[in-house]
């Protein structure tokens, strides 16, 4: 967390851009941002001694930047953000912005457990180059995270954020699904532009699309495993871990959906399901980083307590890709 003195100066610096009314941002402040497209949630590379390897981060981004992504997510779940210090998180955002073409959106994961810490991190990430803040649900006290509590939290963050805010619901990690009623209420905030929903419940995604249809609110699928279904129900894009290694294929699936080539899209989606599951639910970030090594990127180790795969797990991971024609 930033020290109080720094936080005070940050608040002072925002006085030129933030509305000081009780309602926060004036209507329409964040609504011009078009999130449509595919975003890889990039990993944070580490050295053998568990230091952040910013050089490898830049190398990966230079390679990924040649693909037709709408943008990139840094410091999301795949970025191991809970294991990084505040200064490391900010440096990752800064280095990413410098490494990426200016036409690529940079979404930065700024979520923290307290509202104040989240505001501080959001403001700081905006100052070092984030185009939007992706804010995960606070979850340590999940039993008290009612719709009212979450609405208050996100409203405060959006009121004080100098960049648009994207809600982030990832129940597999947090044990907390951002309630639909809270999403609908928050969709009315002029500086909240969308949600990344990683829960995999397509019915829920469709309901959010339906209930926010009167707002300029955008839904991003949180996985390549249900990307086709999400497009069919009204999502505008996806934040897909698999795009770190099969980026061209995930972007191809997007194109097939957008052009109505549903039979070809279905065939491709089927071939992406097992690899996607392998680098998410089954083997997680260690699995994703291992496949990055195979596909010409730098994966490397994770930070402890995440452990590398066993030989048997690595073989199972390879089979999930090879059996679908990717290796």
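A Cβ is built for glycine as well, from the same backbone N, Cα and C atoms used for every other residue.
The transit peptide annotation in Swiss-Prot covers 1-25. If you look up Swiss-Prot, you'll see 77, 78, 198, 222 marked as substrate binding site. The active site, schiff-base intermediate with substrate annotation in Swiss-Prot covers 196 and rests on similarity to another entry.
Features recorded in Swiss-Prot, as mapped to the structure shown.
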| residue | record | CB count, 10 Å |
| --- | --- | --- |
| 77 | substrate binding site | 24 |
| 78 | substrate binding site | 23 |
| 196 | active site, schiff-base intermediate with substrate | 29 |
| 198 | substrate binding site | 27 |
| 222 | substrate binding site | 29 |
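Using the residue listed as 'active site, schiff-base intermediate with substrate' as the reference Cα, a 10 A cut-off selects 222 from the binding-site residues 77, 78, 222. Summary of the substrate site environment: with the site residues 77, 78, 198, 222 set aside, the chain residues having Cβ atoms within 8 Å of the Cβ mean position are 41, 76, 168, 170, 173, 196, 223, 239, 241, 280.
For the recorded site, the residue listed as 'active site, schiff-base intermediate with substrate', the DSSP three-state label reads strand.
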